[in-house]
Structures are given as C-alpha cells and as structure tokens.
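Record features, source TrEMBL:
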type     : residues : note
TRANSMEM : 12-36    : transmembrane segment
TRANSMEM : 42-63    : transmembrane segment
TRANSMEM : 94-118   : transmembrane segment
TRANSMEM : 125-148  : transmembrane segment
TRANSMEM : 168-189  : transmembrane segment
TRANSMEM : 210-228  : transmembrane segment
TRANSMEM : 234-251  : transmembrane segment
TRANSMEM : 280-299  : transmembrane segment
TRANSMEM : 319-350  : transmembrane segment
Amino acid sequence: MKNNKKIPAINLRQYGMIIALVLITLFFGTVTGGVLFKPMNISNIFMQNSYIIFLSIGMFFCVLTGNVDLSVGSVVGVSGALLGFMIVEHNVPTPVAVIVTLVCGLLIGVFHGCFIAFLNIPPFIVTLAGMLIFRGLTMVILQGQSLSPFSKSFQYFSSGFVGTDMKAGGINILCVLLFAAAAAAIILAEQNKRKARIKYGFEVSSAKIMAAKLAAVLLAVGAILMGLGMYRAIPFILIILIIVALIYTYIADKTPVGRHVYAVGGNADAARLSGVKTRLIMFLVYVNCSFMATIAGIVVTSRLNVATSKAGTSYELDAIAACYIGGCAASGGAGSIIGVITGAAVMAVLNNGMSILGIGTDMQQVIKGFILLLAVTFDIRAKAKGKN
C-alpha cells in the first residue's frame, strides 16, 4: 500500500512540467484568439526564443551540481559586442569572427572554472563577478553605440529556413520526413526505456498509458511541424537545436562525464571518495556553460541584426527558470535535458504569449518570478512527500 501511495506523486513530478506546458499553451492560445497557433507565430516562437534552450542546456549542468551561473546574460552581451566589433567595424570575415567569439567564450568559462574549481571560490560569487565584468566589457567595446548591420549569411543562422522549395501539393516534404524520423526515434526510445526498466525490475506504466503518452507527444510534434510547413519551412536554428539537444542528451545519459556530474550534484564528498575528479567536473561544467552562452549570444545577435549593450539582460533568469520548471532539483543531482527543454518551451510560450497580449517587460518579470517560485516549491514539496 505504501508504494501505491507514492506512485501518483512520482508521476505528478515527472509529468507536471508537460501538463503545465499544455495548460499554458492552451491558455495563451485562447486569450490571444488563436494567434499563438498561427503558422507564422509558431515559427517565431522558435526563432525568437531559441537562445533560451542554448542557455538552459548550459545552465542545466550547473544546476545539477547544485549551483547556477549568473553571468550567462552578460556573456551573451559581450559575445554580441565582439561580433559587432569584428564584423561591422573591422570587416572581419564572418566565419573567422564566429570562431574567435567561440574561443573567447571558452576562455570566459576557463576564467570562471579556475576560480570555482581550483581556488574554491563559491560559484555564486564568481559568476556574479563575471556578470558585472562582462556587462562592463560589453559597454567598453561598444562605446555606447549599437553596431549594425550584419551580413545576410550571418543573419541566416537564426532567421533562415531549410526546405522552402521541398513542397508537393502544398505539403512540405521535409516536414513530413522529419515527422517520420521523429516518430520512429521517439517510439524506439520509449520501447528501449521500457525494456530496460523491466529488465532491472523497475515499475512501468501500462501499455495503454504508454500508448496514450506516445500519441500525445506525436500529435504535438506533428502539429508543430505542420504549422512550420504551412508558413515557410523548418527554421535553420531548429535543426541546430535538435543536433545540440541530441549531443547533450547523449553526454548527460551515456558518458562518464555526464554520470559524474550527477554524482557530484548528489553528494560531492561521496563522489570524490569514489574516485570522481570533482574539481575537473566543476571546471568543465562552467567552461561548457559559458560556451553555450556564447552560442546563445551569436544566435541573439544574428536574429536582432545588431550588437547592443542591452543584449542578454536578465537572460540568466530565463535559463535558471527553465531548468527548475523542467524538473531539475533545487539541491542538485536530478534532472534531464528533455525536462530542461520542456522548461525552456514553457518560458518561450510565456514570452510569446505575453508579448502578443501586450504585457510590458516589467510585468513579465513579475509573472516569471512567481512561476519560478512555484516550480521550486513544487519540486521541494514533491521530494518531501516522496521521502515520506
């Protein structure tokens, strides 16, 4: 009887974020008069909010260790400033400028990682300092100016489309192929997960529940791809996001580094006694977070077609909120890339829906703050009930 009582709480914690995403989407779809579901707006959600996914994937590994990185918004800003300085002011070839910016992002991560991992300075202090330092450097580089325009090839990174000519009878063939591939991958992954749980004696849901879950997921994927196909085609940035998500899912779930990050977040002392190089793990986590923030900076600058000192302001809040809404434990050691992407989707729909309704950025921050507080409260309460 005791186990039966725990199962609903566990399921609620696992699927709560998906339920929240569905409810928020339906709410904004209704109050906006269906504008949220228009094909052009579906495409805009991906292109305008893709930076959240890049930031939240980088932030995810920090949160797994029980910490956060407060500097990611400033890293976004300084990355855009570097791109504007090189491409707009000094006509540096776009590929060279992008590579140099990525290297600078890695160096920022090394800077943070050395203080955190090897000098034992708390991550909160180091990244707070980084937030101030790199926001200041952004202003120094730009000298109060906004630099633009960028080349069309650079803008394509976040504003381009793939498969615009692949249509037959009004149907985008690329969208159909992507749906078929996604459906096969989702079904196969769910079957393998189910078999593994059965093999090791874990409890599994009934076949009907699994089928219903798969049907709901495939319906959502199909609706999104249909909307994208009806507008123009697949945004190029969406292809990049899928590739990045797959790579980091593999790293988190299948590699020693990923397992060691979970171990450090669960109990750093026990992990160290087990042979895990905790200092190296912390170093890599913060190098990776700055690297992903740099990619987000490239995406934001490409989309806005301007380098501005305001870029990236408060982006760290979106990334942190996406992680906690996506099911990451406030104390570290628990979470998943898929969950974080779901959390990022919640933030993206919130941003888009509130913008459509004309809600000011000040009130948007208030709403996001309450949602973050509710997500963390839910996580802590669900964990407490699970222990009882």
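Here, residue 1 is simply the first one shown, and the rest follow in order.
Cβ atoms are placed via backbone N, Cα and C, with glycine included.
With pairs at least 6 apart in sequence, the transmembrane segment (168-189) and the transmembrane segment (319-350) have fewer than 3 Cβ pairs within the 8 Å limit; the two do not touch. Against the transmembrane segment (234-251), stretch 42-63 has more CB pairs under 8 A than any other of 42-63, 168-189, 210-228.
Listed by sequence, the residues of this chain that lie at least six past the ends of the transmembrane segment (168-189) yet keep a Cβ under 8 A from its Cβ atoms are 162, 214, 217-218, 221-222, 225-226, 228-230, 233-234.
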